[in-house]
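A.B. asks: After the structure tokens below, expect a handful of questions from me.
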Amino acid sequence: MPSQAGLGGGSPIRGDGEKLVPAQLKVWSNNVRGLNTPEKRTQLLRQLWAEKVSVALLQETHFRGQASPKLENRRFPLGYYANHPDAKKTGVAILFSRTVPFQLLDTLTDSEGRFIFLKGTIAHHTYTFACIYSPNRRQHTFLSKTLRKLEKFRDGMLILAGDLNVPLDPRMDTSRGASTVPDHSIRTMRRDLT
């Protein structure tokens with residue numbers, strides 16, 4: 001389910017020369033479970049455009065190193081990636097619609113493609129976008145370390161999304177109503193996220 005954050009400010013000029021009207025910034029997050037086929041990439045970009053997504057935060061892209069395919073097209077001309085250097089696993093990406101005049105100030109990525117943090121401006125406001133893809137084990141340890149890095153990096157409004165690979169409320173987030181992740185780990189993660 002997409003989340004929304006306000007986009008305020010004056011009326012700066014978009015990349016295509018039109019004025020940006022203050023509106024809602026539609027942020028969409030999804031675990032895409034691999035994007036190594038052209039058909040899947042094309043389908044994703046069409047869906048993002050059809051749903052009028054402003055910023056897409058994607059997990060599990062499965063791109064490898066620097067030779068990864070790019071997701072940019074004329075509708076989403078700006079993309080930032082963190083990939084695993086040696087294997088088609090993990091990977092995160094953040095894409096910006098052409099309607100969003102994002103100006104990058106700084107970036108921080110994980111060497112194994114587990115997170116990407118972007119700091120930049122939109123309509124004269126500073127935003128930090130963080131996309132996280134947790135491992136299947138020791139999620140609480142990973143999240144705690146990653147959030148400490150994010151706290152040092154962030155500036156302005158924080159937009160955090162991702163796949164934590166753990167149900168934060170097993171009674172509501174699982175069909176069995178229970179999780180194999182220990183309760184103390186889930187409590188730690190919930191506390192770290194507040």
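Using the three backbone atoms N, Cα and C, a Cβ is placed for every residue, glycine included.
Annotation source TrEMBL lists domain 'Endonuclease/exonuclease/phosphatase' at 31-169. The Mg(2+) binding site annotation in TrEMBL covers ASN31, GLU60, ASP163, ASN165. Per TrEMBL, the feature site 'Transition state stabilizer' maps to ASN165.
What does the local environment look like for each feature on the list?
C.D. replies: Averaged across the domain 'Endonuclease/exonuclease/phosphatase' (31-169), the predicted model reaches a pLDDT of 92.
Its Cβ placed at the centre, ASN165 (Mg(2+) binding site) has 18 other Cβ atoms within 10 Å.
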A.B. asks: Can you name every residue in this chain, apart from ASN31, GLU60, ASP163, ASN165, with its Cβ inside 8 Å of the center of the Cβ atoms of the recorded Mg(2+) site?
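C.D. replies: Nearby residues not in the site list: ARG33, GLN59, TYR133, SER134, GLY162, LEU164.
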A.B. asks: Sequence gap of 6 or more, C-beta under 8 Å: which same-chain residues meet both conditions with respect to ASN31 (Mg(2+) binding site)?
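C.D. replies: Within the chain, ASN31 (Mg(2+) binding site) has Cβ neighbours under 8 Å at LEU58, GLN59, GLU60, TYR133, ASP163.
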A.B. asks: CB neighbours of ASP163 (Mg(2+) binding site) within 10 A?
C.D. replies: 19
A.B. asks: Quick one: DSSP breakdown of the domain 'Endonuclease/exonuclease/phosphatase' (31-169) into helix, strand and coil?
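C.D. replies: The composition, in the requested order, is 28 helix, 49 strand, 62 coil.
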A.B. asks: If you draw a 10 Å sphere around the Cβ of GLU60 (Mg(2+) binding site), how many other Cβ atoms fall inside it, taking every protein chain shown into account?
C.D. replies: 20
